[in-house]
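**Student:** Among the features that Swiss-Prot reports, domain 'LysM 1' is placed at 327-378, with the record citing sequence analysis. Look at Swiss-Prot and you will find 425-471 tagged as domain 'LysM 2', backed by sequence analysis. For Asn53, Asn59, Asn168, Asn223, Asn238, Asn299, Asn346, Asn391, Asn445, the entry in Swiss-Prot reads N-linked glycosylation site. What Swiss-Prot lists as signal peptide is 1-24, and the listing cites sequence analysis.
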Amino acid sequence: MDKMLFSFLRLCFVLLTVWTTWVAADFALYENYDEDALIAGLALSSTCLAALNTTVTCNETAVGLLGHGADIHFWTTTDVNNLCTTDCVSSLSSWKDNVATVCAEETTIQGNVVVKARALPLTFTYNSDLVCMQDSSSNWCFLDSQTWQGSDYIRWDPTMCFTNGDDNSTVALQCADPDFDIGDISDDMAALTNLYDKELFCNECFLNLYRQRLLDPWLPVTNFTDYLIDQFDLVQANCSTTLPYSTSASTLYVGTATATTTTSATTTTDSTTTATCLGQMVQPLQNWLTCNDLCDTYNISTGDARVITGDYACYFNQATCFPLPCEIDTVWDTPSCDELATRYSNSTYSVTTAQFLSWNTNVQGSCSGIAAGQRARREKSAPGGTFPKPNATITAPGATGEPTYYTAATAAYPTQTGTISECGDYYLVVAGDDCATVDLRFGLNYTQLQEYNTYLDATCSNLWLNYDICVAPVTAQTVSTDVVILIMAARLQMESVARILPETRPALVLSLELVVPYLVIVEAPVTTVLGQTAIAVLPYQS
């Protein structure tokens with residue numbers, strides 16, 4: 001349950017991709033969705049939905065950056081100024097309070113997790129509180145934090161118990177103790193006060209941001225959370241400060257969508273959603289596997305493993321559905337996506353970057369240099385027997401801010417008979433998807449989805465796993481001199497922020513909660529950062 005709580009931040013916001021707009025405007029959670037489809041798909045009352053969909057007086061593009069978590073985006077001063085206006089901060093707070101009152105105890109399914117509807121605004125308000133925090137001199141704390149440098153635990157030198165040939169004088173005295181374990185980390189070795197300079201951990205912004213992260217509404221009840229709390233108390237004692245805080249009770253998470261009853265204020269009969277695993281159902285182990293071990297054992301990519309478990313270390317504590325096994329490759333030397341596409345091509349088929357990304361939708365790192373050490377999916381032969389060669393798709397902003405496709409795309413995966421030929425965009429169906437989740441992801445109603453995929457029956461019982469489904473038609477092009485046209489292949493890349501494996505060097509730690517638990521499995525010294533600047537961390541010398 002704890003890991004499901006923590007994974008909610010990543011899983012639930014497949015609904016919210018419509019925030020990336022072409023012009024600045026006020027923000028509404030479900031602005032482009034059909035109301036009837038939302039009420040049916042989310043199992044919410046019309047009054048709760050109306051409260052959730054209240055227009056918030058914030059720059060829509062700026063608020064959209066909060067949806068996946070403040071740490072995913074590298075914020076500039078302009079970004080912060082666009083978000084942190086008095087009107088926006090006040091409007092977000094009012095929205096949260098109104099949803100809590102109107103939706104009360106109604107529940108909904110987000111990313112196969114049943115949660116309280118009042119939880120949906122909290123990611124925005126919690127992350128806006130992080131980004132908009134200022135110190136007593138009115139400096140933006142979050143901007144400052146992006147330059148802070150982080151550290152792994154202090155560790156024993158891995159060679160301290162080895163002899164130098166016949167010379168035993170190099171062996172440390174501790175090695176003679178039969179109870180000594182070179183992998184043990186003492187409290188002093190893990191203490192934040194020994195990992196950072198006092199000038200940093202007593203910094204006003206450091207303390208306030210640390211405290212704010214402890215107020216995270218999705219902070220799980222785990223040993224690591226206990227560690228964070230203990231370390232905050234230790235830091236405060238060293239800095240002679242007393243900042244009150246209280247962690248959130250785990251009341252927002254209700255359960256998983258499998259065999260779980262969801263209710264709303266207007267529902268008179270119970271509805272049950274049962275998920276079916278069409279991939280590999282993997283049982284958790286007492287001695288859980290690291291990401292690399294999990295991927296090597298079940299032949300899945302590192303990105304898929306992290307997204308499905310919702311955990312950077314790929315920890316899960318209940319039976320979990322992973323994709324079917326495929327051929328994987330261990331990536332070294334931080335190649336670009338283009339270089340990997342070339343590497344995976346053969347004399348018969350030329351793999352494009354778009355195809356590589358369609359196989360690795362959760363690739364770790366930036367496409368200018370993906371994270372070394374991760375397992376990436378590759379294909380000796382194409383899905384369906386051939387490697388399609390997708391053309392670049394020309395897109396432009398439509399009237400509602402949604403992309404408009406002027407040329408037909410080529411599916412990177414097989415499609416079912418009945419998919420329209422003039423399809424502008426495809427989506428790969430993965431485990432856990434149904435027609436409702438696809439509709440919500442792309443702002444469609446079921447009639448539209450059936451129009452683009454005529455084979456779909458009335459109950460969506462014939463949606464096939466690992467097949468592409470059409471999610472947008474081609475629109476007849478009109479002549480315009482006012483629209484800037486963008487050429488897109490598989491997806492937009494965030495070149496400024498790399499999500500990098502913690503097992504490798506350099507590694508990016510996305511937030512303070514992630515600094516330590518994923519580094520304790522690292523046997524070699526690594527480079528870690530709280531913001532974007534990496535430093536080398538040397539092993540502790542005894």
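Cβ atoms are placed via backbone N, Cα and C, with glycine included.
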**Student:** What mean pLDDT score does the domain 'LysM 2' (425-471) have in the model?
**Tutor:** 84
**Student:** Please determine which of the glycosylation sites listed here (Asn59, Asn223, Asn299, Asn445) has the lowest count of neighbouring CB atoms within 10 Å.
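**Tutor:** Each of the glycosylation sites Asn59, Asn223, Asn299, Asn445 was scored; lowest Cβ tally within 10 Å is Asn223.
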**Student:** If you compare CA-to-CA distances from Asn238 (N-linked glycosylation site) to each of the glycosylation sites Asn53, Asn223, Asn346, Asn445, which comes out shortest?
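**Tutor:** Out of the listed candidates, the nearest Cα belongs to Asn223.
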**Student:** Go through Asn53, Asn168, Asn238, Asn346, our glycosylation sites, and report the one whose Cβ sees the most other Cβ atoms within 10 Å.
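**Tutor:** That would be Asn53, with the most Cβ atoms nearby.
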**Student:** Take the C-alpha atoms of Asn168 (N-linked glycosylation site) and Asn445 (N-linked glycosylation site) and report the distance between them in angstrom, rounded.
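**Tutor:** The separation of the Cα atoms works out to 73 Å.
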**Student:** Spatially, which candidate from the glycosylation sites Asn59, Asn223, Asn299, Asn346 is nearest to Asn445 (N-linked glycosylation site), comparing Cα atoms?
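**Tutor:** Ranked by Cα distance from Asn445 (N-linked glycosylation site), first place goes to Asn59.
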**Student:** Helix, strand, coil: count each for the residues of the domain 'LysM 2' (425-471), based on DSSP.
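**Tutor:** Looking at the domain 'LysM 2' (425-471) with DSSP, the answer is 15 helix, 9 strand, 23 coil.
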**Student:** Which state, by DSSP, holds Asn168 (N-linked glycosylation site): helix, strand or coil?
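**Tutor:** Its secondary structure by DSSP: helix.
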**Student:** In whole Å, how far does the CA atom of Asn346 (N-linked glycosylation site) lie from that of Asn299 (N-linked glycosylation site)?
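**Tutor:** If we compare the Cα positions of Asn346 (N-linked glycosylation site) and Asn299 (N-linked glycosylation site), the gap is 21 Å.
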**Student:** Can you tell me how far the Cα of Asn299 (N-linked glycosylation site) sits from the Cα of Asn53 (N-linked glycosylation site), in Å?
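**Tutor:** So the alpha carbons of Asn299 (N-linked glycosylation site) and Asn53 (N-linked glycosylation site) sit roughly 41 Å from each other.
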